[in-house]
Amino acid sequence: MLKVLAIETSCDETSVSVVSNSNDIYKIHSNIVASQIEDHSKWGGVVPELAARKHLELIPFVLEEALEESKISIEEIDAIASTVTPGLVGCLRVGSITARSLCTLYSKPFLGIHHLEGHLSSILFSKNYPKPPFLTLLVSGGHTELIKIGERRIMQRLGRSYDDAAGEAFDKVGRLLGLSYPGGPAIAEIAKKGNSLKFNLPKCKISDKKGGFLKYDFSFSGLKTAVLRLVEKIRLNGDEIPIPDIAASFERVVSEVLVERTIKCAVDYDLDNVVVVGGVAANDTLRKMMISEAGKKSIKVHLAPLNLCTDNAAMIGAAALFRLKFKAHESSLELGISGRLPIDQANTLYANKPPF
């Protein structure tokens, strides 16, 4: 049984987890997540410097709690992993330095993990997770991407957002409507009271230089602006803003765009399994719509467990365990951190010469 200690500090969650893999059965022994939502809510979003300082404060306690809850000592751990890209640089540095220091102290192999690969790997904790090739919709606060997963974790990005990610749009529209941070859960809750067909909001597309539109790419900035203009118009008329109806209409359109382009991509590439991961994957409207529409095309949908949709270290550990299956995937202790790295370059994190 392979056991990994994993650390996630890419944004505003300080998380440490102990996970294992035995005969392709992935198990979580502990997954401690210390959220900073209350620290950032008064600002309406994550403040990078504040987040990094909070990680420094919390990491010793979260690490101790994760090991204690797992009942696995650090000496019994086979490898240590941390998120090294993408994310907020100051935040990434806290987790990376902690992990590499532990590796040096206890003579353990180090694996630097791509944050998005962590999200992709959250599905490994589900029963009957699909075998490649399959299509993954990764939809979170910072990323909206369609990724084809091949054998040995070869990844091909087929679609992406050109401006705001879906989760970012939820946060900005939530702030516009005067809702609490983060916007995703707040919009989902108040949308239950609204009429999702009340407002006809736009489904924005990205123009293709060759003509027409990019079939699998996303744009949510225009949708966000459309909500702003709608609110301004209602205010000018002196009417009360129907927040539940706007929230429900916005949630519906975002879900429709994600579902329509995901299924189109899966059909075009002849992929009969779709995986949905990331923070926005917790949205109930999106989950139900994806299952319903995919079923019409005989496509099976695999949803990340609700408790693993948002940032956590267990998913980072799962990515590390998957990499360890192929023996050669170990990172140099000289590997640094980077705010950006395309998902299809994740394999470079295990090269003899680190990419950063």
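Glycine is treated like the rest: Cβ placed from N, Cα and C.
Taken from Swiss-Prot, the feature Fe cation binding site covers HIS115, HIS119, ASP311. A helical conformation is recorded for HIS119 (Fe cation binding site) in the three-state DSSP classification.
DSSP gives GLY142 (substrate binding site) a coil state; it is part of no helix or strand. Other Cβ atoms within 10 Å of the Cβ of GLY142 (substrate binding site), summed over all protein chains shown, number 20. Look at Swiss-Prot and you will find LEU138, VAL139, SER140, GLY141, GLY142, ASP171, GLY184, ASN283 tagged as substrate binding site, backed by sequence analysis.
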Seminar exercise, completed: Ordered by sequence, the long-range same-chain Cβ contacts of VAL139 (substrate binding site) under 8 Å (at least 6 apart) are GLU145, ALA165, ALA166, GLY167, LEU258, VAL276, VAL277, GLY278, GLY279, VAL280, ALA281, LEU286
For this session: Specify the count of other C-beta atoms within 10 Å of the C-beta of HIS115 (Fe cation binding site).
Result: 26
Seminar exercise, completed: Reading the DSSP string in three states, the entry for ASP171 (substrate binding site) is helix
Seminar exercise, completed: For GLY184 (substrate binding site) and ASP311 (Fe cation binding site), the CA-to-CA distance in whole Å is 14
Seminar exercise, completed: Least crowded of the binding-site residues ASP171, ASP311, counting other Cβ atoms within 10 Å of each Cβ, is ASP171
